[in-house]
Ligand SMILES: Nc1ncnc2c1ncn2[C@@H]1O[C@H](COP(=O)(O)OP(=O)(O)OP(=O)(O)O)[C@@H](O)[C@H]1O
Ligand SMILES: [Mg+2]
(Lines of atoms letter the chains of each structure in order from A and count residues from 1; the text may use other names and numbers.)
(Lines give C-alpha, C1' and ligand atoms only; values in the text may rest on other atoms or scores of the structure.)
(Ligands and ions follow the chains in the order given, each with its own letter.)
Protein backbone atom coordinates (compact mmCIF):
# COMPACT_ATOMS: atom_id res chain seq x y z
CA UNK A 1 0.00 0.00 0.00
CA UNK A 2 2.00 2.94 -1.27
CA UNK A 3 0.10 6.09 -2.05
CA UNK A 4 1.60 7.38 -5.27
CA UNK A 5 0.37 10.92 -5.08
CA UNK A 6 2.82 13.76 -5.00
CA UNK A 7 2.71 15.64 -1.69
CA UNK A 8 2.11 18.96 -3.40
CA UNK A 9 -0.60 18.37 -5.85
CA UNK A 10 -3.46 20.65 -4.92
CA UNK A 11 -6.12 18.07 -4.26
CA UNK A 12 -5.06 14.69 -3.10
CA UNK A 13 -6.42 11.63 -4.78
CA UNK A 14 -6.05 8.67 -2.53
CA UNK A 15 -6.00 5.03 -3.49
CA UNK A 16 -9.57 3.82 -3.59
CA UNK A 17 -8.99 0.93 -1.21
CA UNK A 18 -8.12 3.44 1.50
CA UNK A 19 -11.56 4.87 1.49
CA UNK A 20 -14.24 2.94 3.24
CA UNK A 21 -16.96 5.57 3.13
CA UNK A 22 -18.71 6.12 -0.22
CA UNK A 23 -16.79 8.65 -2.19
CA UNK A 24 -17.86 8.92 -5.81
CA UNK A 25 -17.91 12.57 -6.64
CA UNK A 26 -16.49 15.78 -5.27
CA UNK A 27 -19.67 16.70 -3.51
CA UNK A 28 -19.65 13.50 -1.52
CA UNK A 29 -16.05 14.15 -0.57
CA UNK A 30 -16.87 17.51 0.93
CA UNK A 31 -19.45 16.04 3.26
CA UNK A 32 -17.54 12.88 4.17
CA UNK A 33 -17.27 12.27 7.86
CA UNK A 34 -13.69 11.44 8.74
CA UNK A 35 -14.08 11.08 12.51
CA UNK A 36 -17.26 9.91 14.15
CA UNK A 37 -17.06 9.27 17.87
CA UNK A 38 -19.87 8.18 20.18
CA UNK A 39 -19.70 8.28 23.95
CA UNK A 40 -15.90 8.18 24.16
CA UNK A 41 -14.94 7.85 27.76
CA UNK A 42 -11.71 7.42 29.60
CA UNK A 43 -10.96 7.13 33.26
CA UNK A 44 -7.63 6.64 34.98
CA UNK A 45 -6.90 4.99 38.27
CA UNK A 46 -5.73 7.73 40.57
CA UNK A 47 -2.28 7.01 41.91
CA UNK A 48 -2.06 7.05 45.69
CA UNK A 49 -5.78 7.32 46.40
CA UNK A 50 -7.07 3.76 46.49
CA UNK A 51 -10.05 2.86 44.34
CA UNK A 52 -10.49 6.44 43.17
CA UNK A 53 -10.67 7.14 39.49
CA UNK A 54 -10.12 10.29 37.48
CA UNK A 55 -12.70 10.73 34.75
CA UNK A 56 -10.51 12.49 32.22
CA UNK A 57 -13.03 12.24 29.37
CA UNK A 58 -16.69 11.68 30.20
CA UNK A 59 -18.49 10.42 27.15
CA UNK A 60 -17.73 12.62 24.18
CA UNK A 61 -19.63 12.60 20.88
CA UNK A 62 -17.89 14.29 18.02
CA UNK A 63 -17.92 14.31 14.30
CA UNK A 64 -15.39 15.84 11.92
CA UNK A 65 -15.86 16.27 8.19
CA UNK A 66 -13.13 15.67 5.69
CA UNK A 67 -11.15 18.82 4.87
CA UNK A 68 -12.05 20.67 8.06
CA UNK A 69 -9.66 22.27 10.50
CA UNK A 70 -11.18 21.56 13.87
CA UNK A 71 -9.86 23.21 17.00
CA UNK A 72 -10.24 21.39 20.27
CA UNK A 73 -10.09 24.15 22.85
CA UNK A 74 -9.98 23.78 26.60
CA UNK A 75 -8.00 24.69 29.70
CA UNK A 76 -5.17 22.58 31.15
CA UNK A 77 -6.36 19.18 32.24
CA UNK A 78 -9.66 19.44 30.34
CA UNK A 79 -9.06 16.12 28.58
CA UNK A 80 -7.79 17.27 25.18
CA UNK A 81 -4.73 15.05 25.01
CA UNK A 82 -6.63 12.10 26.42
CA UNK A 83 -9.29 12.43 23.71
CA UNK A 84 -6.67 12.80 21.02
CA UNK A 85 -4.75 9.77 22.23
CA UNK A 86 -7.90 7.69 22.17
CA UNK A 87 -8.64 8.73 18.59
CA UNK A 88 -5.02 7.92 17.66
CA UNK A 89 -5.11 4.42 19.24
CA UNK A 90 -2.57 5.40 21.89
CA UNK A 91 -5.09 4.98 24.68
CA UNK A 92 -7.90 2.47 24.79
CA UNK A 93 -11.26 4.11 25.56
CA UNK A 94 -12.91 2.95 28.77
CA UNK A 95 -16.17 3.11 26.87
CA UNK A 96 -17.64 4.34 23.62
CA UNK A 97 -16.75 3.82 20.00
CA UNK A 98 -15.31 5.70 17.07
CA UNK A 99 -14.66 5.39 13.38
CA UNK A 100 -11.53 7.14 12.20
CA UNK A 101 -10.90 7.48 8.46
CA UNK A 102 -13.27 4.60 7.85
CA UNK A 103 -11.62 2.18 10.28
CA UNK A 104 -13.10 1.08 13.59
CA UNK A 105 -11.02 2.31 16.49
CA UNK A 106 -11.49 -0.75 18.65
CA UNK A 107 -11.65 -3.51 16.09
CA UNK A 108 -8.99 -2.33 13.69
CA UNK A 109 -6.48 -0.04 15.42
CA UNK A 110 -3.68 -0.98 13.02
CA UNK A 111 -5.70 0.28 10.07
CA UNK A 112 -6.45 3.51 11.94
CA UNK A 113 -2.70 3.93 12.53
CA UNK A 114 -1.98 3.54 8.83
CA UNK A 115 -4.45 6.25 7.93
CA UNK A 116 -3.73 8.97 10.45
CA UNK A 117 -0.83 11.22 11.36
CA UNK A 118 -0.24 12.24 14.97
CA UNK A 119 1.99 15.02 16.23
CA UNK A 120 2.28 14.66 19.98
CA UNK A 121 2.62 17.38 22.55
CA UNK A 122 6.01 15.91 23.49
CA UNK A 123 7.69 16.01 20.06
CA UNK A 124 8.82 13.09 17.93
CA UNK A 125 12.58 13.10 17.43
CA UNK A 126 15.72 12.33 19.40
CA UNK A 127 18.03 15.31 19.83
CA UNK A 128 21.08 13.31 18.71
CA UNK A 129 19.42 11.93 15.58
CA UNK A 130 19.81 13.55 12.20
CA UNK A 131 16.67 14.93 10.61
CA UNK A 132 16.96 12.79 7.48
CA UNK A 133 17.47 9.60 9.48
CA UNK A 134 14.43 10.21 11.63
CA UNK A 135 12.25 10.91 8.61
CA UNK A 136 13.40 7.87 6.65
CA UNK A 137 13.22 5.44 9.56
CA UNK A 138 9.74 6.67 10.45
CA UNK A 139 8.56 6.33 6.85
CA UNK A 140 9.95 2.80 6.70
CA UNK A 141 7.62 1.80 9.56
CA UNK A 142 4.76 2.59 7.18
CA UNK A 143 6.28 0.37 4.51
CA UNK A 144 7.45 3.30 2.40
CA UNK A 145 10.71 2.53 0.69
CA UNK A 146 13.80 4.55 1.29
CA UNK A 147 14.01 6.46 -2.00
CA UNK A 148 10.37 7.52 -1.82
CA UNK A 149 10.85 8.52 1.82
CA UNK A 150 13.86 10.69 1.00
CA UNK A 151 12.09 12.40 -1.86
CA UNK A 152 8.87 12.96 0.04
CA UNK A 153 10.69 14.03 3.18
CA UNK A 154 12.71 16.65 1.34
CA UNK A 155 9.61 17.97 -0.40
CA UNK A 156 7.72 18.24 2.86
CA UNK A 157 10.65 19.96 4.56
CA UNK A 158 10.80 22.46 1.71
CA UNK A 159 7.07 23.07 1.98
CA UNK A 160 7.48 23.88 5.66
CA UNK A 161 10.49 26.16 5.05
CA UNK A 162 12.98 23.66 6.40
CA UNK A 163 14.79 22.89 3.16
CA UNK A 164 18.35 22.89 4.47
CA UNK A 165 18.07 20.82 7.63
CA UNK A 166 18.28 17.25 6.27
CA UNK A 167 21.76 16.58 7.70
CA UNK A 168 21.40 18.55 10.92
CA UNK A 169 20.78 16.90 14.26
CA UNK A 170 17.26 17.44 15.59
CA UNK A 171 18.64 18.86 18.84
CA UNK A 172 20.32 21.71 16.97
CA UNK A 173 17.03 23.05 15.58
CA UNK A 174 15.10 25.96 17.04
CA UNK A 175 11.81 25.28 18.80
CA UNK A 176 9.80 26.39 15.80
CA UNK A 177 11.87 24.34 13.37
CA UNK A 178 11.59 21.27 15.54
CA UNK A 179 7.83 21.67 15.77
CA UNK A 180 7.56 21.88 11.99
CA UNK A 181 9.80 18.83 11.72
CA UNK A 182 7.34 16.99 13.99
CA UNK A 183 4.62 17.88 11.51
CA UNK A 184 6.73 16.62 8.59
CA UNK A 185 7.16 13.32 10.46
CA UNK A 186 3.41 13.11 11.00
CA UNK A 187 2.74 13.68 7.30
CA UNK A 188 5.37 11.43 5.75
CA UNK A 189 2.87 8.68 4.93
CA UNK A 190 0.40 11.20 3.48
CA UNK A 191 -2.44 10.67 5.91
CA UNK A 192 -5.81 12.20 5.12
CA UNK A 193 -6.23 13.17 8.74
CA UNK A 194 -3.61 14.62 11.04
CA UNK A 195 -3.88 15.23 14.78
CA UNK A 196 -1.81 18.06 16.23
CA UNK A 197 -1.53 18.26 20.00
CA UNK A 198 -0.75 21.82 21.13
CA UNK A 199 1.17 22.62 17.94
CA UNK A 200 2.40 26.07 18.97
CA UNK A 201 3.08 25.70 22.68
CA UNK A 202 6.40 27.20 23.63
CA UNK A 203 6.86 29.16 20.40
CA UNK A 204 7.40 32.90 20.11
CA UNK A 205 4.58 34.92 18.47
CA UNK A 206 6.32 35.08 15.11
CA UNK A 207 6.97 31.34 14.93
CA UNK A 208 3.38 30.72 15.96
CA UNK A 209 1.96 32.87 13.18
CA UNK A 210 4.30 31.15 10.76
CA UNK A 211 3.22 27.72 11.96
CA UNK A 212 -0.46 28.66 11.60
CA UNK A 213 0.18 29.56 7.96
CA UNK A 214 1.70 26.15 7.38
CA UNK A 215 -1.22 24.41 9.02
CA UNK A 216 -3.66 26.34 6.83
CA UNK A 217 -1.63 25.44 3.75
CA UNK A 218 -1.78 21.81 4.75
CA UNK A 219 -5.53 21.86 4.42
CA UNK A 220 -5.78 24.28 1.50
CA UNK A 221 -3.13 22.66 -0.67
CA UNK A 222 -3.14 19.04 0.39
CA UNK A 223 -6.73 18.72 1.52
CA UNK A 224 -5.58 17.20 4.82
CA UNK A 225 -8.13 17.25 7.61
CA UNK A 226 -6.59 18.80 10.72
CA UNK A 227 -7.72 18.13 14.25
CA UNK A 228 -5.76 20.25 16.67
CA UNK A 229 -5.86 20.89 20.38
CA UNK A 230 -4.94 24.15 21.97
CA UNK A 231 -5.52 26.15 25.07
CA UNK A 232 -4.86 29.40 23.22
CA UNK A 233 -8.07 31.04 22.10
CA UNK A 234 -6.32 33.16 19.46
CA UNK A 235 -4.98 29.96 17.94
CA UNK A 236 -8.37 28.28 17.90
CA UNK A 237 -9.96 31.48 16.63
CA UNK A 238 -7.65 32.16 13.73
CA UNK A 239 -7.02 28.60 12.59
CA UNK A 240 -10.19 26.61 13.00
CA UNK A 241 -13.19 26.30 10.75
CA UNK A 242 -14.98 24.85 13.71
CA UNK A 243 -14.24 24.77 17.40
CA UNK A 244 -15.11 22.23 20.04
CA UNK A 245 -14.80 23.53 23.57
CA UNK A 246 -14.00 20.92 26.18
CA UNK A 247 -14.06 21.37 29.91
CA UNK A 248 -13.81 18.75 32.65
CA UNK A 249 -13.97 15.97 30.06
CA UNK A 250 -17.19 17.08 28.34
CA UNK A 251 -17.79 19.12 25.23
CA UNK A 252 -19.56 22.24 26.41
CA UNK A 253 -19.97 24.03 23.08
CA UNK A 254 -19.37 23.59 19.41
CA UNK A 255 -19.52 25.84 16.36
CA UNK A 256 -17.60 28.19 14.10
CA UNK A 257 -15.72 30.92 15.95
CA UNK A 258 -18.35 33.44 14.81
CA UNK A 259 -21.25 31.26 15.95
CA UNK A 260 -19.68 30.76 19.33
CA UNK A 261 -19.09 34.45 19.83
CA UNK A 262 -22.71 35.18 19.01
CA UNK A 263 -23.63 33.15 22.04
CA UNK A 264 -22.05 35.74 24.24
CA UNK A 265 -24.52 38.52 24.73
CA UNK A 266 -22.71 41.41 23.12
CA UNK A 267 -19.62 43.30 24.17
CA UNK A 268 -17.75 43.09 27.42
CA UNK A 269 -17.28 46.21 29.51
CA UNK A 270 -14.56 46.04 32.13
CA UNK A 271 -14.46 48.78 34.74
CA UNK A 272 -11.55 49.29 37.11
CA UNK A 273 -12.34 51.34 40.22
CA UNK A 274 -10.46 52.75 43.17
CA UNK A 275 -12.05 50.64 45.87
CA UNK A 276 -13.98 47.45 46.26
CA UNK A 277 -16.93 49.38 47.64
CA UNK A 278 -16.97 51.48 44.46
CA UNK A 279 -16.92 48.25 42.49
CA UNK A 280 -20.00 46.93 44.27
CA UNK A 281 -21.86 50.20 43.73
CA UNK A 282 -20.87 50.34 40.06
CA UNK A 283 -22.12 46.79 39.68
CA UNK A 284 -25.52 48.02 40.83
CA UNK A 285 -25.45 50.89 38.35
CA UNK A 286 -24.38 48.59 35.52
CA UNK A 287 -27.32 46.28 36.11
CA UNK A 288 -29.71 49.11 35.28
CA UNK A 289 -28.16 49.60 31.83
CA UNK A 290 -30.28 48.52 28.89
CA UNK A 291 -29.78 44.79 28.23
CA UNK A 292 -26.88 44.36 30.65
CA UNK A 293 -26.32 40.97 32.28
CA UNK A 294 -25.36 40.29 35.88
CA UNK A 295 -21.94 41.81 36.54
CA UNK A 296 -19.00 39.74 37.75
CA UNK A 297 -17.10 41.59 40.46
CA UNK A 298 -13.52 40.65 41.30
CA UNK A 299 -11.97 42.98 43.91
CA UNK A 300 -12.03 46.43 42.33
CA UNK A 301 -12.84 45.19 38.81
CA UNK A 302 -16.36 44.84 37.41
CA UNK A 303 -17.08 42.97 34.22
CA UNK A 304 -20.42 42.65 32.43
CA UNK A 305 -21.92 42.41 28.97
CA UNK A 306 -24.12 44.79 27.02
CA UNK A 307 -25.62 44.33 23.55
CA UNK A 308 -23.73 47.35 22.20
CA UNK A 309 -20.76 48.72 24.08
CA UNK A 310 -20.37 51.92 22.07
CA UNK A 311 -23.83 53.30 23.01
CA UNK A 312 -23.83 51.96 26.56
CA UNK A 313 -20.53 53.51 27.57
CA UNK A 314 -21.51 57.23 27.65
CA UNK A 315 -24.64 56.38 29.64
CA UNK A 316 -22.64 54.32 32.10
CA UNK A 317 -19.99 56.98 32.63
CA UNK A 318 -22.66 59.59 33.15
CA UNK A 319 -24.41 57.45 35.76
CA UNK A 320 -21.13 56.80 37.55
CA UNK A 321 -20.31 60.50 37.73
CA UNK A 322 -23.79 61.21 39.10
CA UNK A 323 -23.18 58.62 41.83
CA UNK A 324 -19.82 60.22 42.58
CA UNK A 325 -17.83 57.16 41.50
CA UNK A 326 -14.56 57.71 39.74
CA UNK A 327 -13.53 54.91 37.33
CA UNK A 328 -9.77 54.60 36.80
CA UNK A 329 -10.06 52.32 33.79
CA UNK A 330 -12.69 51.42 31.23
CA UNK A 331 -12.41 48.78 28.53
CA UNK A 332 -14.88 47.76 25.86
CA UNK A 333 -14.15 44.48 24.14
CA UNK A 334 -15.71 42.62 21.27
CA UNK A 335 -16.46 39.09 22.37
CA UNK A 336 -13.56 36.64 22.40
CA UNK A 337 -13.58 32.91 22.78
CA UNK A 338 -12.51 33.49 26.34
CA UNK A 339 -15.83 35.26 26.94
CA UNK A 340 -17.56 32.31 25.37
CA UNK A 341 -15.77 30.04 27.76
CA UNK A 342 -16.53 32.31 30.68
CA UNK A 343 -20.21 32.41 29.76
CA UNK A 344 -20.35 28.64 29.44
CA UNK A 345 -18.38 27.62 32.50
CA UNK A 346 -18.18 30.67 34.72
CA UNK A 347 -14.37 30.47 34.58
CA UNK A 348 -11.78 32.10 32.41
CA UNK A 349 -9.65 30.01 30.04
CA UNK A 350 -6.62 31.87 31.24
CA UNK A 351 -6.95 30.60 34.81
CA UNK B 1 6.99 -10.81 8.27
CA UNK B 2 6.32 -7.35 9.52
CA UNK B 3 7.65 -8.06 13.03
CA UNK B 4 11.09 -8.86 11.65
CA UNK B 5 11.03 -5.93 9.25
CA UNK B 6 9.94 -3.50 11.96
CA UNK B 7 12.50 -4.85 14.44
CA UNK B 8 15.18 -4.30 11.82
CA UNK B 9 14.06 -0.71 11.17
CA UNK B 10 14.03 0.12 14.89
CA UNK B 11 17.37 -1.66 15.34
CA UNK B 12 19.02 0.32 12.54
CA UNK B 13 17.86 3.62 13.92
CA UNK B 14 19.04 2.80 17.46
CA UNK B 15 22.36 1.43 16.23
CA UNK B 16 23.11 4.57 14.22
CA UNK B 17 22.33 6.68 17.29
CA UNK B 18 24.55 4.57 19.55
CA UNK B 19 27.44 4.78 17.13
CA UNK B 20 27.05 8.54 17.10
CA UNK B 21 27.93 8.51 20.80
CA UNK B 22 31.03 6.35 20.73
CA UNK B 23 31.96 7.56 24.20
CA UNK B 24 29.51 5.15 25.79
CA UNK B 25 30.69 2.29 23.62
CA UNK B 26 34.30 3.08 24.55
CA UNK B 27 33.51 3.30 28.26
CA UNK B 28 31.70 0.00 27.97
CA UNK B 29 34.80 -1.51 26.40
CA UNK B 30 37.17 0.05 28.85
CA UNK B 31 35.49 -1.39 31.91
CA UNK B 32 36.16 -5.06 31.26
CA UNK B 33 39.69 -4.23 30.17
CA UNK B 34 40.29 -2.43 33.44
CA UNK B 35 38.99 -5.46 35.30
CA UNK B 36 41.32 -7.68 33.33
CA UNK B 37 44.43 -5.61 33.84
CA UNK B 38 43.85 -4.35 37.37
CA UNK B 39 41.98 -7.24 39.00
CA UNK B 40 43.35 -10.16 36.96
CA UNK B 41 46.86 -10.04 38.48
CA UNK B 42 45.38 -10.34 41.98
CA UNK B 43 43.71 -13.54 40.93
CA UNK B 44 46.90 -15.06 39.73
CA UNK B 45 48.12 -15.40 43.29
CA UNK B 46 44.79 -16.65 44.60
CA UNK B 47 44.65 -19.24 41.82
CA UNK B 48 47.35 -21.18 43.57
CA UNK B 49 45.12 -21.72 46.63
CA UNK B 50 42.58 -24.49 46.98
CA UNK B 51 39.10 -24.38 45.46
CA UNK B 52 40.41 -23.18 42.12
CA UNK B 53 40.14 -25.30 39.03
CA UNK B 54 42.17 -24.23 36.02
CA UNK B 55 44.26 -21.09 35.74
CA UNK B 56 43.22 -17.59 36.79
CA UNK B 57 42.03 -16.55 33.32
CA UNK B 58 39.85 -19.61 32.84
CA UNK B 59 38.08 -18.72 36.08
CA UNK B 60 38.05 -14.98 35.77
CA UNK B 61 37.12 -14.37 32.13
CA UNK B 62 33.85 -16.34 32.26
CA UNK B 63 32.83 -14.25 35.28
CA UNK B 64 33.67 -11.04 33.45
CA UNK B 65 31.72 -12.17 30.40
CA UNK B 66 28.62 -12.92 32.43
CA UNK B 67 29.02 -9.62 34.22
CA UNK B 68 29.25 -7.83 30.89
CA UNK B 69 26.06 -9.47 29.69
CA UNK B 70 24.15 -8.55 32.82
CA UNK B 71 25.40 -5.02 33.34
CA UNK B 72 25.52 -4.19 29.66
CA UNK B 73 21.79 -4.85 29.53
CA UNK B 74 20.71 -3.64 32.93
CA UNK B 75 21.19 0.08 32.35
CA UNK B 76 19.69 0.51 28.89
CA UNK B 77 16.32 1.44 30.41
CA UNK B 78 17.58 4.97 31.00
CA UNK B 79 17.88 5.35 27.25
CA UNK B 80 14.32 4.31 26.54
CA UNK B 81 13.01 6.75 29.17
CA UNK B 82 14.85 9.58 27.41
CA UNK B 83 13.38 8.46 24.10
CA UNK B 84 9.91 8.32 25.58
CA UNK B 85 10.33 11.82 26.96
CA UNK B 86 11.28 13.20 23.56
CA UNK B 87 8.13 11.65 22.07
CA UNK B 88 9.90 9.01 19.98
CA UNK B 89 8.18 6.03 21.60
CA UNK B 90 4.67 7.47 21.11
CA UNK B 91 5.58 8.36 17.55
CA UNK B 92 6.53 4.74 16.91
CA UNK B 93 3.51 3.41 18.80
CA UNK B 94 1.18 5.45 16.63
CA UNK B 95 2.71 3.94 13.48
CA UNK B 96 1.52 0.53 12.33
CA UNK B 97 4.79 -1.05 13.55
CA UNK B 98 4.51 -4.32 15.47
CA UNK B 99 4.37 -3.40 19.16
CA UNK B 100 6.98 -5.95 20.20
CA UNK B 101 9.36 -4.70 17.50
CA UNK B 102 9.57 -1.33 19.25
CA UNK B 103 11.32 -2.97 22.21
CA UNK B 104 12.95 -5.89 20.35
CA UNK B 105 14.72 -3.55 17.91
CA UNK B 106 16.33 -1.70 20.78
CA UNK B 107 17.27 -4.91 22.56
CA UNK B 108 18.90 -6.19 19.38
CA UNK B 109 21.04 -3.07 19.31
CA UNK B 110 22.09 -3.70 22.92
CA UNK B 111 22.93 -7.30 22.10
CA UNK B 112 25.17 -6.20 19.23
CA UNK B 113 26.97 -3.62 21.39
CA UNK B 114 27.46 -6.12 24.22
CA UNK B 115 28.69 -8.84 21.89
CA UNK B 116 31.27 -6.52 20.36
CA UNK B 117 32.43 -5.58 23.86
CA UNK B 118 32.68 -9.27 24.72
CA UNK B 119 34.84 -9.93 21.65
CA UNK B 120 37.19 -7.13 22.68
CA UNK B 121 37.30 -8.52 26.20
CA UNK B 122 38.16 -12.01 25.00
CA UNK B 123 40.80 -10.59 22.64
CA UNK B 124 42.43 -8.67 25.46
CA UNK B 125 42.32 -11.73 27.70
CA UNK B 126 44.05 -13.73 24.99
CA UNK B 127 46.92 -11.24 25.07
CA UNK B 128 47.16 -11.59 28.81
CA UNK B 129 47.38 -15.35 28.59
CA UNK B 130 43.89 -16.88 28.27
CA UNK B 131 44.08 -20.14 26.35
CA UNK B 132 40.79 -21.95 25.66
CA UNK B 133 39.27 -23.83 22.71
CA UNK B 134 37.53 -21.72 20.04
CA UNK B 135 34.27 -23.59 20.75
CA UNK B 136 34.42 -22.38 24.35
CA UNK B 137 34.77 -18.78 23.23
CA UNK B 138 31.78 -19.13 20.91
CA UNK B 139 29.62 -20.56 23.67
CA UNK B 140 30.85 -17.71 25.87
CA UNK B 141 29.75 -15.13 23.32
CA UNK B 142 26.36 -16.79 22.88
CA UNK B 143 25.84 -16.72 26.64
CA UNK B 144 26.80 -13.07 26.89
CA UNK B 145 24.43 -12.21 24.05
CA UNK B 146 21.57 -14.13 25.69
CA UNK B 147 22.13 -12.48 29.05
CA UNK B 148 22.42 -9.08 27.39
CA UNK B 149 19.12 -9.68 25.60
CA UNK B 150 17.35 -10.79 28.78
CA UNK B 151 18.53 -7.83 30.83
CA UNK B 152 18.00 -5.32 28.06
CA UNK B 153 14.39 -6.50 27.70
CA UNK B 154 13.88 -6.28 31.46
CA UNK B 155 15.54 -2.89 31.80
CA UNK B 156 13.63 -1.43 28.85
CA UNK B 157 10.45 -2.88 30.29
CA UNK B 158 11.03 -1.34 33.72
CA UNK B 159 11.95 1.94 32.02
CA UNK B 160 8.72 2.01 30.03
CA UNK B 161 6.62 0.86 32.97
CA UNK B 162 7.96 3.48 35.38
CA UNK B 163 8.97 6.27 32.95
CA UNK B 164 11.16 7.65 35.67
CA UNK B 165 14.91 7.48 36.11
CA UNK B 166 14.41 7.90 39.83
CA UNK B 167 12.35 4.73 39.94
CA UNK B 168 14.56 2.77 37.57
CA UNK B 169 17.87 3.47 39.30
CA UNK B 170 17.08 1.85 42.67
CA UNK B 171 15.35 -1.08 40.96
CA UNK B 172 18.37 -1.74 38.80
CA UNK B 173 20.73 -1.51 41.76
CA UNK B 174 18.57 -3.79 43.87
CA UNK B 175 18.63 -6.35 41.09
CA UNK B 176 22.34 -6.01 40.42
CA UNK B 177 23.83 -6.35 43.88
CA UNK B 178 22.62 -9.83 44.91
CA UNK B 179 23.22 -11.10 41.40
CA UNK B 180 26.79 -9.91 41.57
CA UNK B 181 27.52 -11.08 45.12
CA UNK B 182 25.82 -14.46 44.94
CA UNK B 183 26.98 -15.61 41.54
CA UNK B 184 30.69 -16.06 42.03
CA UNK B 185 31.30 -13.74 39.14
CA UNK B 186 34.47 -12.31 40.60
CA UNK B 187 35.58 -15.27 42.70
CA UNK B 188 34.28 -18.84 42.46
CA UNK B 189 31.61 -19.71 45.03
CA UNK B 190 33.65 -22.80 45.91
CA UNK B 191 35.72 -20.45 48.04
CA UNK B 192 32.63 -19.53 50.07
CA UNK B 193 31.47 -21.06 53.38
CA UNK B 194 28.74 -23.70 53.13
CA UNK B 195 25.78 -21.46 54.05
CA UNK B 196 26.72 -18.94 51.40
CA UNK B 197 27.04 -21.68 48.82
CA UNK B 198 23.55 -22.91 49.64
CA UNK B 199 22.09 -19.43 49.27
CA UNK B 200 23.97 -18.94 46.01
CA UNK B 201 22.49 -22.12 44.60
CA UNK B 202 19.21 -20.28 44.26
CA UNK B 203 20.84 -17.70 42.05
CA UNK B 204 20.54 -18.79 38.41
CA UNK B 205 23.54 -16.66 37.50
CA UNK B 206 25.79 -18.76 39.67
CA UNK B 207 24.97 -21.74 37.46
CA UNK B 208 25.44 -19.72 34.33
CA UNK B 209 28.88 -18.62 35.47
CA UNK B 210 29.75 -22.19 36.42
CA UNK B 211 28.57 -23.42 33.04
CA UNK B 212 30.87 -21.03 31.29
CA UNK B 213 33.77 -21.93 33.56
CA UNK B 214 33.22 -25.60 32.76
CA UNK B 215 33.24 -24.76 29.07
CA UNK B 216 36.45 -22.79 29.45
CA UNK B 217 38.01 -25.85 31.11
CA UNK B 218 36.98 -27.91 28.09
CA UNK B 219 34.28 -29.88 29.96
CA UNK B 220 31.76 -29.56 27.15
CA UNK B 221 29.81 -32.67 28.11
CA UNK B 222 29.23 -31.62 31.70
CA UNK B 223 25.49 -31.28 32.44
CA UNK B 224 26.05 -27.86 34.03
CA UNK B 225 26.76 -26.50 30.52
CA UNK B 226 23.27 -27.35 29.38
CA UNK B 227 21.73 -26.11 32.57
CA UNK B 228 23.52 -22.78 32.16
CA UNK B 229 22.50 -22.34 28.55
CA UNK B 230 18.95 -23.38 29.28
CA UNK B 231 18.70 -20.91 32.16
CA UNK B 232 19.95 -18.13 29.88
CA UNK B 233 17.37 -18.99 27.23
CA UNK B 234 14.60 -19.07 29.85
CA UNK B 235 15.69 -15.62 31.04
CA UNK B 236 15.48 -14.25 27.50
CA UNK B 237 12.01 -15.71 27.07
CA UNK B 238 10.86 -14.17 30.34
CA UNK B 239 12.45 -10.84 29.42
CA UNK B 240 10.86 -10.79 25.97
CA UNK B 241 7.48 -11.69 27.42
CA UNK B 242 7.62 -8.97 30.07
CA UNK B 243 8.93 -6.49 27.51
CA UNK B 244 6.16 -7.06 25.02
CA UNK B 245 3.53 -7.03 27.76
CA UNK B 246 4.76 -3.64 28.96
CA UNK B 247 4.84 -2.27 25.41
CA UNK B 248 1.33 -3.51 24.71
CA UNK B 249 0.19 -1.94 27.98
CA UNK B 250 1.37 1.46 26.75
CA UNK B 251 -1.73 1.80 24.61
CA UNK B 252 -4.11 0.35 27.20
N1 LIG C 1 -1.94 8.53 32.57
C2 LIG C 1 -2.73 9.23 33.40
N3 LIG C 1 -2.96 8.80 34.65
C4 LIG C 1 -3.75 9.49 35.49
N5 LIG C 1 -4.38 10.63 35.16
C6 LIG C 1 -4.19 11.13 33.95
C7 LIG C 1 -3.35 10.46 32.98
N8 LIG C 1 -3.36 11.17 31.84
C9 LIG C 1 -4.15 12.24 32.07
N10 LIG C 1 -4.65 12.22 33.33
C11 LIG C 1 -5.57 13.22 33.92
O12 LIG C 1 -6.67 13.38 33.05
C13 LIG C 1 -7.04 14.74 32.95
C14 LIG C 1 -7.00 15.20 31.51
O15 LIG C 1 -5.66 15.24 31.07
P16 LIG C 1 -5.24 15.66 29.60
O17 LIG C 1 -3.77 15.43 29.48
O18 LIG C 1 -6.12 14.98 28.63
O19 LIG C 1 -5.55 17.22 29.60
P20 LIG C 1 -5.25 18.31 28.49
O21 LIG C 1 -6.56 18.94 28.16
O22 LIG C 1 -4.49 17.74 27.36
O23 LIG C 1 -4.37 19.36 29.29
P24 LIG C 1 -3.08 20.20 28.83
O25 LIG C 1 -3.61 21.48 28.25
O26 LIG C 1 -2.39 20.46 30.14
O27 LIG C 1 -2.27 19.40 27.88
C28 LIG C 1 -6.10 15.49 33.87
O29 LIG C 1 -6.74 15.67 35.10
C30 LIG C 1 -4.92 14.57 34.04
O31 LIG C 1 -4.30 14.75 35.27
MG1 LIG D 1 -2.60 18.04 26.56
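Heads up, the Cβ atoms here are built off N, Cα and C, so glycines get one too.
What TrEMBL annotates here:
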TRANSMEM  B:21-39  transmembrane segment
DOMAIN    B:23-250  domain 'ABC transmembrane type-2'
TRANSMEM  B:59-82  transmembrane segment
TRANSMEM  B:111-130  transmembrane segment
TRANSMEM  B:136-154  transmembrane segment
TRANSMEM  B:175-196  transmembrane segment
TRANSMEM  B:224-248  transmembrane segment
Per Cβ pairs under 8 Å, the stretch of B:21-39, B:59-82, B:224-248 packing most closely against the transmembrane segment (B:175-196): B:59-82
Beyond the flanks of the transmembrane segment (B:21-39) by 6 or more, those residues with Cβ under 8 Å of it: 60-61, 64, 67-68, 72, 113-114, 116-117, 120-121, 124-125, 128, 186
Same-chain residues at least 6 beyond the ends of the transmembrane segment (B:224-248) whose Cβ lies under 8 Å from its Cβ atoms: 93, 99-100, 102-104, 107, 139, 142-143, 146-147, 149-154, 156-157, 160-161, 204, 207-212, 214-215
